[in-house]
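As recorded in Swiss-Prot, the features of this protein are as follows:
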COMPBIAS  29-45  compositional bias 'Polar residues'
COMPBIAS  62-77  compositional bias 'Acidic residues'
COMPBIAS  87-143  compositional bias 'Acidic residues'
COMPBIAS  144-156  compositional bias 'Basic and acidic residues'
COMPBIAS  174-190  compositional bias 'Basic and acidic residues'
COMPBIAS  212-223  compositional bias 'Basic and acidic residues'
REPEAT    522-561  repeat 'WD 1'
REPEAT    563-603  repeat 'WD 2'
REPEAT    692-730  repeat 'WD 3'
REPEAT    733-772  repeat 'WD 4'
REPEAT    776-815  repeat 'WD 5'
REPEAT    831-861  repeat 'WD 6'
Amino acid sequence: MVANKSKATKRKVAAAPQPPTAQDKPATNGRSTKQPEADSDQSASDYYESDEENLLANINNDDGDSSDSEGEGDASDGEVQGLNIESDSDFEEDDQEADGEEEEEDSADDVNSDSSPEEDEGESEEEEEDDDEGDLEFEEDLAEPEKPRAIKEGSKAGKKQAPEVESEEEDDLETKKLLEAAAKEDEKLAALDSVLGPDGEKKTRGVGSFPPERKTGRLKNSDEYAGGDTSDEEDIRNTVGNIPMHWYDEYKHIGYDWDGNRLIKPPKMDTIDEFLKRMEDPNFWRTVKDPQTGQNVVLSDEDVGLIKRIMAGRNPDQQYNDYEPWIEWFTSEVEKMPIRNIPDHKRSFLPSKSEKQKIGRLVHALKMGWVKTRAETERLAAAAKGPKFYMVWDSDHGKEDIRRIHDHVVAPKRPLPGHAESYNPPPEYLFNERELAEWNSHEEEPWRRKLHYIPQKFNSLREVPYYAQYVRERFLRCLDLYLCPRGKRTRVTVGPEYLIPKLPSPKDLQPFPTLQNLVYRGHTDMIRTISIEPKGEYLVTGSDDKTIKIWEVSTARCIKTIPTGDVVRSVAWCPNVKISLIAVASGKRTLLINPHVGDCLLSKKTDDLLAEAPKHEVVDNERISTAVQWVDVAEEEQKAGVRIVINHFREIKQVTWHGRGDYFATVMPEAQNRSVLIHQLSKRRSQFPFSKSKGLIQCVLFHPVKPCLFVATQRHIRVYDLVKQELLKKLFPSCKWISSMAIHPKGDNLLVATYEKKMMWFDLDLSTRPYQQLKLHFSAIRNVAFHQRYPLFASASDDRSVIVSHGMVYNDLMQNALIVPLRRLENHERVNDFGAFDVVFHPTQPWLFSSGADNTVRLYT
């Protein structure tokens with residue numbers, strides 16, 4: 001026992017402990033300072049090396065007992081293992097080089113550490129705070145075994161150490177104290193052996209070299225691996241990353257979890273607990289420390305087998321067979337028959353055509369002299385190296401070039417003679433008396449004359465006299481050539497690519513409709529017209545199946561179907577948000593329908609407003625009464641939502657509302673001078689704005705801001721002032737048949753569609769002619785529409801396409817409108833040469849609705 005203690009003492013001295021720090025408080029009663037729990041970095045590294053040797057030794061000793069293998073593996077450890085003095089020769093040699101003063105400090109500390117419990121009790125209160133600080137500075141990882149303190153014995157350290165200590169320090173009193181402390185330690189070990197029984201010597205070797213650790217006020221963390229869960233994915237609880245973990249040696253925590261809370265280091269086991277665990281735990285030899293969490297991880301059988309195979313120099317993969325049977329992939333036997341016995345192709349026996357062409361090109365180059373033979377090449381090279389001859393008395397061409405006129409401009413040719421200079425000109429070229437008097441009056445100002453001579457007529461060429469002005473004209477010609485400067489006119493050649501205007505990219509002009517989103521199906525015949533509610537929640541459609549349908553925009557669900565009794569050619573939702581009303585042009589009737597969708601109070605208010613007809617004080621004239629009648633609604637139509645019926649004497653093509661929602665106009669193209677009717681809803685009156693017909697009227701449109709009415713005939717568009725009752729201007733689209741038109745929300749630009757595949761953009765402040773013509777469609781254009789908020793307009797054509805374009809109108813009157821085609825949407829199907837009929841934009845969103853001959857309405861977003 002004493003020998004083992006002295007060995008531990010010498011190993012502690014050889015570890016070269018650090019001098020006490022400022023945090024260590026001086027001991028009372030004149031004792032030396034308290035040694036910290038943890039040793040220096042050098043001792044810690046020595047301990048790690050011994051621990052690895054311990055693990056490898058236990059792995060190699062498969063047949064031995066776990067406790068025995070631990071005892072053998074710990075022989076190189078810092079703890080006292082037994083009386084095997086010969087195995088510690090390396091440590092004895094290191095102990096001979098140790099310093100004497102360090103041994104004195106260690107022995108003194110050991111004596112003080114073995115003091116009575118009363119003294120320890122008195123010091124515990126004073127040093128409790130100091131121990132906590134020491135834990136922060138010197139505590140190591142959780143799974144790392146605790147390094148023992150300086151061994152307190154030195155009396156029987158070995159055959160070589162004791163004589164040296166006695167010879168060096170014979171008069172030192174500290175040596176006596178060290179011997180006394182060793183004797184006390186032997187007494188403690190004897191008492192412990194008596195308690196543990198006959199096997200105590202085997203199980204408690206080196207217990208006395210580990211003083212008990214003081215208990216701190218910290219709670220122990222539960223072992224993460226108590227349940228045997230060693231999943232790699234669940235072990236990553238410390239979020240500090242791949243950093244050196246010794247940075248946390250001075251702190252109570254080892255990192256942070258996923259919630260940002262500190263991971264507190266679990267307290268270290270004292271020496272006795274660790275020794276008991278080493279002796280009793282069968283898995284102690286396969287337990288390693290996780291540096292991230294500080295917990296102990298028990299290696300599985302697969303991990304231990306992997307380590308054994310690596311140490312034995314074998315393949316780490318257990319399934320790999322080093323002695324697999326040899327498979328001869330490529331045989332060494334010579335085959336008698338060929339594996340691939342395909343006959344040669346015919347082209348392998350024929351001369352190559354590509355080589356024939358190359359030879360032909362070389363022969364042609366030789367004939368043309370492009371390819372020189374070797375003799376010709378040498379002859380030309382010798383001639384180039386030989387002397388060069390030139391004319392000695394040859395003129396200097398450089399000076400002559402300087403005297404010449406550079407960039408000579410050819411003299412203009414004289415104009416050829418005309419019919420008036422003929423000797424027998426036509427009679428109309430001869431002067432009459434008035435023209436002759438006028439020519440003679442410019443005698444003093446000859447430059448004002450159209451001709452510088454008087455045309456004359458002779459019967460034959462023999463009668464032509466001598467021309468008296470010949471010499472003078474030659475002289476003037478010479479003066480012109482001599483004195484008049486000449487100049488070149490540079491003709492600017494402009495390519496066609498420069499004539500195309502540079503338009504911005506469509507990506508910079510978003511948002512605009514690009515894809516089909518919803519399809520509204522339900523009609524059984526082609527849908528000619530559509531209109532949307534001012535709030536954008538509901539859509540009304542009119543079809544040739546003699547019904548109108550009201551749809552919910554967001555879900556494409558048909559809410560209501562109302563029969564009209566005839567083909568529906570036009571529908572228009574009232575723009576006034578205070579009433580809920582739809583105007584429908586069906587055959588010769590105009591129906592005002594309350595759809596009863598949306599706000600119930602709004603629908604009730606509309607019914608109350610249209611319940612009673614106002615009394616007319618003025619009787620309508622016969623011209624109006626024979627053309628239009630406001631009649632009562634039948635009971636069946638009243639239940640369907642029809643509130644007012646207006647009968648016309650001709651078929652109605654279009655119905656459109658004024659911006660305020662009180663006036664609406666209807667168009668009857670076959671009614672001649674009574675084609676346009678303007679109706680007032682509040683007074684239930686109708687009137688003809690025009691007394692004469694200026695052509696076959698196609699459609700009308702109210703100005704969004706001013707009291708103006710746009711009337712489109714087949715070839716012209718007239719703008720009338722309804723207040724002054726006069727014609728403001730007449731627009732000339734230069735087309736043969738106008739189909740529809742739409743006005744910009746600001747009212748300064750008009751878009752006209754024709755059946756001739758063209759669209760015309762009119763700037764009303766600029767000219768009566770089109771500002772720009774757009775030829776984007778391949779068939780007749782049925783309808784056009786502007787967006788109320790975004791700079792967008794769209795057109796629908798019989799080529800089943802709907803084209804969305806960008807139309808920006810600037811507030812600056814000096815800047816023209818920017819028109820850029822954006823997207824062609826071809827989703828409708830063609831039926832009987834009909835494609836898309838009508839288009840309308842959503843009032844607030846950049847969405848587009850289109851109706852077609854395929855009985856569908858499509859929403860583009």
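Positions of Cβ are set from backbone N, Cα and C atoms, glycine also.
Since we're looking at a predicted model, the values are computed, not measured.
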Top Cβ-contact partner of the repeat 'WD 1' (522-561) among 692-730, 733-772, 776-815, 831-861 (pairs under 8 Å): 831-861
Kindly state the mean pLDDT of the repeat 'WD 5' (776-815) in the predicted structure. 91
Give the nonlocal contacts of the repeat 'WD 6' (831-861) in its own chain as ranges (CB under 8 Å, at least six residues past its ends). 511-521, 523-532, 534-536, 539, 541, 543, 551, 553, 556, 779, 782-790, 792, 794-802, 804, 825
Looking only at the repeat 'WD 3' (692-730), how are its residues distributed among DSSP helix, strand and coil? 0 helix, 19 strand, 20 coil
The repeat 'WD 6' (831-861): DSSP-derived helix, strand, coil residue counts: 0 helix, 18 strand, 13 coil
